[in-house]
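Enquirer: Would you mind keeping the following structure in view while I ask a few things?
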Amino acid sequence: MIITRFAPSPTGRLHVGNIRTALHNWMFARQQGGRFLLRLDDTDAERSTEAFVDAIRADLGWLGLVPDGEERQSHRFALYEAAFERLRAAGRVYPAYETQQELDLKRKILAGRGLPPVYDRAALALTDAERAAFEAEGRTPHWRFRLDHDAPIEWDDLIRGPQRFDPALLSDPVVRRADGSWLYMLPSVIDDIDMGVSHVVRGEDHVTNTGLQLQMFAALGATPPAFAHEALLVGSEGKLSKRLGALGCDSFRDMGIEPLALLALLARIGTSDPVEPVAEAAELLHAFSFDRFGRAPARFDMDELTALNARVIHRLHYQDVADRLPAGMDATAWHAIRPNLATITEAADWWSVVEGPVAVPPQTDEDRAFLAEAASVAEHIDWGSDPWRSLTTLLKDQTGRKGKALFLPLRHALTGRDHGPDMAALLPLIGRDRALARLRAAAG
Ligand code: GLU
């Protein structure tokens, strides 16, 4: 069973970077007939809020990336405690008493000698008496995971290929603070085991964590999941700007960006597949493969998103947008109007052109005479089938006008504008009565 998880910390809204990670986890699980889980990494009680938990759920709902299950780290402390005890009994976690200042000093000394800031494991060498002395001083230990230095850490990353770390060059990670609270690293491993996660898909900023976590899986007697680390997202000019990087679902929604446009873009940037508009997210699944992800950063370009948004809207099914359209706008009207939309809210504007009233720009005497003729032709055509074609064919024969001279005064009179949706699609929506009234009014 393929099981993926998206594990945001509820300390902020989802932004483009983590929406992309959520999407890839969702896509892989859906494609494989597996499960996609949401795990709320809320061990940081001070920074996590209920409002962000709700916003994450709502944003995933808006995007259509609905999880098959949800876990919350703050509800799972008993599980962490039990695993921690096992590791402690096995000597894989150990107490350390250094203060932050002492650790900073050690790092400075190493840096002065040109050495990497690897923890020296002084705490491992403490005798019982030394530990007791620290505790008598009022120091409470934090806890480190003891890395096994015997063999290199290796895995075959689904995106990055073979990875190899020398554990001796890594610090034993702190897994628990002196106040008993948990850092992200160990609970994540305990959860991935307990939730049966088969694939961890996350950003490449976690690559070193994976090295450390692989040893935690082993220490807990578990087979690790497969790992796929995606290249980071950058903006069109390189680094993802603070503003762009912080853009959340709410900002995209306010700009009129469709969730599907965001998904279509984030599904493909950084892969060898082209960015293409789709009418539903399921269309994105067939091409999904970790093999197609590149190592180079994925470029997120707002202009590309805006352009894609329009192309996505031009494909959206009526039933998927009906509840966001003005009252009375039916499927036929949607199909007539959607090719002209850059955002769905613009539909209301074109619908007001159908329903009227319209303000017609001033016409020359010649055009007014032409429009009067158009009004009388329009009275006699068959409105049941392609009235625009009948109207313009007859008028062309009668007046000799063609091209712009034929079409533009009609468009002005019927819509009050000089551009817009295809008149052949629009005129039946305007209908006989309104059309006649508008032509007559414009003829003066
Ligand atoms: N809460 C972690 C983060 O947002 C999760 C990383 C992971 O996927 O394991 O970075």
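All positions are counted from 1 along the displayed chain.
Every residue, even glycine, has its Cβ placed from backbone N, Cα and C.
Automatic, uncurated: that is what TrEMBL annotation is.
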Enquirer: Quick one: which of 99-103, 104-108, 239-243 does TrEMBL have down as motif ''KMSKS' region'?
Expert: 239-243
Enquirer: From the ranges 8-18, 41-51, pick the one that TrEMBL records as motif ''HIGH' region'.
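Expert: Residues 8-18 are the ones TrEMBL records as motif ''HIGH' region'.
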Enquirer: Could you tell me what the rest of the chain brings near the motif ''KMSKS' region' (239-243), counting residues at least six beyond its ends with Cβ under 8 Å?
Expert: 16-17, 232-233, 300
